[in-house]
Ligand SMILES: [Zn+2]
């Protein structure tokens, strides 16, 4: 187990003091033997309704090159939280077309500990996955432990209970200070600390190709004043992440290069999102993560505000969304990669995604329905098994039920992004979007 929380406060303070000396952050990449890069291919044309400056639409296709392979974008990145897809093997993820997997730095720090992954040769090797990998910084998990807010990015404020409201002066339950976050382990109740340097140390040892800077996540219920302070704090943490990342990259120069994305916060506020984007753009990050709470109706607009302020040569990851309409809004406004636990989590509960909407395969009507989940789906579950069988497995809590439903749902999102990519390249994104959304939501489907 990691013991970073034992680091003496004076050492952490020292690391922080270095931030004052901004010359420590290099922007000269001329001699940098990076094996990470992004190439864009087709860009969506601007139009009158475009949400970016002058009607710009930032949607595009491209390729992210990493030491463990390429990711053709836009792409859906399935979430293997604890270095595992629940009930699905890496080979099966490869077969269903997944290009990369995202794991969680906080969970792997808790168990088995980042040293175990480092000694194994990094996350991909540890879990038997031969493609690119991502880790998130742990900030989301750490901060949501105390605050208890909804685990989604696109938040519907109207549905929130009064218990979710965080009052001024009592803004967080997880303890955030200038240096980092103190929290209790949900596994054993022991006290831990996370900070920019600790998150970087953990993520370097985990060894994913793409990592995220440690940021403070706020909710839509936080006050404007808190959001302002949080954006500034996230910027100070971002600078510390870059310094520590560069130090660790030099120290571990025998390891494959790991790219670092800065995360843009700022909730629903245009001025804060733009400011946060300019701050992140000013640092030597390889890409950007669009994070934090965003009201569903503002998702596309928020991506466009951020893209207005960012250099276009950096890939952009939209953290934690997988509603079909949100995916389209995210892609149209510049998202290159997307991750979400929802396809797997929904699948285990019997909710399956199809072109005709999301429905629950455990319903009585499917007990004797011998058709596949979806007639024209080419996933392993649909090629070999019936609705009736999967309905039975899930009712009986048979593990194969989780496997088959998850394979189908992950295939649905991987394929959706593959088709969006093909549509952008063929200059028919708008038609594809219209057809797909009309059909998916025709029966008032959720998701
Ligand atoms: Zn299928």
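Every residue, even glycine, has its Cβ placed from backbone N, Cα and C.
Remember, TrEMBL labels are computer predictions, not curated facts.
Listed features, source TrEMBL:
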- 59-440: domain 'tRNA-guanine(15) transglycosylase-like' (DOMAIN)
- 136, 137, 138, 139, 140, 215, 265, 292: substrate binding site (BINDING)
- 136: active site, proton acceptor (ACT_SITE)
- 339: active site, nucleophile (ACT_SITE)
- 344-348: region 'RNA binding' (REGION)
- 377, 379, 382, 408: Zn(2+) binding site (BINDING)
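Feature map: TrEMBL annotations on the structure.
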residue : record                   : contacts (Cβ under 8 Å, 6+ apart)
136     : substrate binding site   : 102, 104, 105, 106, 212, 319
137     : substrate binding site   : 105, 199, 203, 211, 212, 213, 214, 215, 263
139     : substrate binding site   : 181, 194, 199, 212, 214, 215, 216, 217, 263
140     : substrate binding site   : 106, 217, 291, 319, 320
265     : substrate binding site   : 215, 216, 217, 218, 227, 230, 231, 234, 272, 276, 291, 292
339     : active site, nucleophile : 76, 77, 78, 79, 102, 134, 317, 319, 320
377     : Zn(2+) binding site      : 354, 408, 411, 412
382     : Zn(2+) binding site      : 372, 373, 374, 375, 408
Additional residues around Zn(2+), ordered along the sequence, whose Cβ is within 8 Å of the centroid of 377, 379, 382, 408: 372, 373, 374, 378, 380, 381, 383, 407, 411, 412
Mapped DSSP class for residue 408 (Zn(2+) binding site), helix or strand or coil: helix
Inter-residue C-alpha distance, residue 379 (Zn(2+) binding site) and residue 138 (substrate binding site) (nearest angstrom): 32
In sequence order, those binding-site residues of 292, 377, 379, 382, 408 whose CB lies under 6 Å from ligand 1: 377, 379, 382, 408
Same chain, 6+ residues apart, C-beta under 8 Å of the C-beta of residue 138 (substrate binding site), given in sequence order: 104, 105, 106, 109, 194, 199, 202, 214
Residue 292 (substrate binding site): tally of other CB atoms within 10 A of its CB: 30
Secondary structure content of the region 'RNA binding' (344-348), with strand meaning DSSP E or B: 5 helix, 0 strand, 0 coil
Packing count at residue 215 (substrate binding site) (other Cβ atoms within 10 Å of its Cβ): 31
